[in-house]
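J.: Pasting in a structure now, in structure tokens, and then I'll have a few things to ask.
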């Protein structure tokens, strides 16, 4: 009887301990969602400043494209290293570095009064990877089968930040000017840093993972390219990365050119641009919060990847014939659906393909894909927009995505036929 009682007591203690651990993990995840939403808010606040400040300083479409390309190059270099840094030194250190860099970024933007300073203020973006760091924490603290749904909730935070940041940025710029708005972003980023120090644990990796890998990892450099590129050798990783780059490039071109398109093609004022970005955010919130979780519970990752690419091709075709902002608002619905599903599913597939000890590095590589698109996108987009108009960007998106769709569909049909044999 006494032994049975001791066993029951031990079981109860284990159950309580497990519940406490689960509650602690959920608190961390909710804190990460808040930090991510605030970071996106500050970033969209910045989008209400930079294009108009650049225009005041004499930037044309081509030079604004060079400015965007500079950011892409810097973050392309920083993304994989930041992910490696997060794996080696933990979530709190990584998020602290990202938030501190954002504070410096906004302070430099506030004092930017020459074209050279506008370029210099982009340097801290090499460490500004709050969203990938947040994705790492969520990935570490969720089970693989629930990962896509949990990552999609970060997209919900993105939508909230887009709405608040765009609206707030437009109003602040209109009422108080670009300089005040930049200082407001710096203060907000400092608040995000305080939240990181208060709520994020030093490390979020599983104990078993840390025990097996931490000692080895500490001996390896953040700049070890071999450790970063090693992940490409895991099954399906290289193929998924190529699809992420090729299928994502056309939509990436449109995204980086949108601020110029809104300013020159749609003739929007800062506050009107803020309202349009808020509409983007509302649509994304609905999709990320209410649609993707249901889809991932019912359909496979490969099926959803195929769906997102197919929808993206149709979005490009419609985009080629858009004449006004109201038509564009209708096209935003399928556009945000395809972008949201594509990004969540590819990130989920890639993190499932590598050991949990390397999820930070993998998500850093995922972030570098977006940076690559921002690197080549402005140059390509600027050339296409100036010489062939907005329709050329949409047509390229249609042809590229339909080609990738046909390739994946044919590959899937061949695989199904082989299984039946």
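Note: Cβ is positioned from N, Cα and C throughout, glycine not excepted.
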J.: Looking at 218-240, 241-263, which stretch does TrEMBL describe as transmembrane segment?
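T.: My reading of TrEMBL: the transmembrane segment range is 241-263.
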J.: Taking the transmembrane segment (180-200) as reference, which of 61-82, 94-112, 150-168, 275-297, 390-409 has the most Cβ pairs under 8 angstroms?
T.: 94-112
J.: Which range out of 29-49, 61-82, 150-168, 275-297, 304-322 gives the transmembrane segment (241-263) the most CB pairs under 8 Å?
T.: 304-322
J.: Who are the long-range neighbours of the transmembrane segment (304-322) in its own chain, taking Cβ under 8 Å and residues 6 or more past its ends?
T.: 243, 247, 250-251, 254, 295-296, 328, 331, 334-335, 337-339, 341-342, 345-346, 349, 390-402, 404-405, 408-409, 412
J.: Which stretch from 61-82, 94-112, 150-168 shares the most C-beta pairs under 8 Å with the transmembrane segment (275-297)?
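T.: If we count Cβ pairs closer than 8 Å to the transmembrane segment (275-297), 150-168 scores highest.
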J.: State the residues, same chain only, that lie 6 or more residues beyond the ends of the transmembrane segment (118-138) and have a CB under 8 A from a CB inside it; answer 'none' if no residue qualifies.
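T.: Cβ under 8 Å, 6 or more out: 28-29, 32-33, 35-36, 39-40, 50, 53-54, 57, 59, 67, 70-71, 74-75, 77-79, 82-83, 86-87, 91, 94-95, 97-102, 104-105, 108-109, 112, 147, 150-151, 153-154, 158, 192, 200, 204, 347, 359-360, 363-364, 366-367.
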J.: Which sequence positions outside the transmembrane segment (150-168), separated from its termini by at least 6 residues, show Cβ-Cβ distances below 8 Å to it?
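T.: Same-chain contacts beyond the ends: 29, 32-34, 36-45, 47-48, 131, 134-135, 138-139, 142, 273-278, 280-289, 292-293, 296, 340, 343-344, 347-348.
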